[in-house]
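Each remark here refers to the structure printed beneath this line.
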Amino acid sequence: MDVKQLPTLAVLSDYVTVCELDGIKVVRVIHPKATATISLFGAHVLSFQPTGKKDTIWMSENADFGGSKAIRGGIPVCWPWFGKAAEPSHGFARTSEWILNEHRENDEGVIISLTLQDSAETRAIWPHEFKAELLVEVTDTLDVKLVSTNTGDTPFQLGGALHTYLNIGDITTTTVSSLGNEYIEGGVRKPSAGNTQFDQEVDRIYPHADETVVVDDPALQRRLNVINGGNNGVVVWNPWKALSISMGDMADNSYETMVCVESAVHDRSVTLNAGETHTLSTKIVSC
């Protein structure tokens, strides 16, 4: 994605503009440290590239930016649940229109704040009062925080994930490590050597992963450190060939250049009483 070519709708500062991408509005950050784009639809980080380095975030060449379905690639916000715990799958946040709440910047980078609050539409799906805020800090690293607040009078349980798609050179030579001694696949717990390589579809939850998960990518000659917080597991996913072919918003060979490493609350294990807050985070450092 060439972020500099997007049509400009509004100039907010020297570093921040609102642009148009097909049917959606995006916040574009062009800073001496890095460039990034964040969609108001879904509060979805679409791109991040540190200056002088390769793209960190993968985006499908067939992604739908029409504003009616979830976007394939980037960092989808799965909230207030992860997976198929209820309908819609992965929650409603990723297909909701968020509000640009604030932008702050200095010589070190830019912070973008997007918010989503309960409405009649969300309460019909999930009957709770809430405020969700996505904080995206763009420096020479990418730091994303999802802050959930119970603004009502009764407790609720939630889950979710920052479903990060990482851009890699070749899945067959990529290793993801610091994953702990166990993973869950298809509901079954299995022992783990603490790392994984790829020669087939992988869809696993690692409940004992380290705070920092390491992605070694020899093809792009780099290492990505993914630093997570507020999670109870790390999801690693690559669809491999058959599933890529079956998905209309992915090219047949898309699986070759992406891997998902997701900071997740993979069950509804977070309980928020009235006024309480939970923060789920992920930070990506390119080495």
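Each Cβ is built from the backbone N, Cα and C atoms, and glycine gets one as well.
TrEMBL annotations:
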| type | residues | note |
| --- | --- | --- |
| ACT_SITE | HIS163 | active site |
| ACT_SITE | GLU262 | active site |
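Between the CA atoms of GLU262 (active site) and HIS163 (active site) there is a gap of 5 Å. Reduced to three states, the DSSP call for HIS163 (active site) is coil.
For GLU262 (active site), the number of other Cβ atoms no farther than 10 Å from its own Cβ, over all displayed protein chains, is 26. Its Cβ taken as reference, HIS163 (active site) is surrounded by 24 other Cβ atoms within 10 Å in the chains shown. DSSP assigns GLU262 (active site) to a strand in the three-state reduction.
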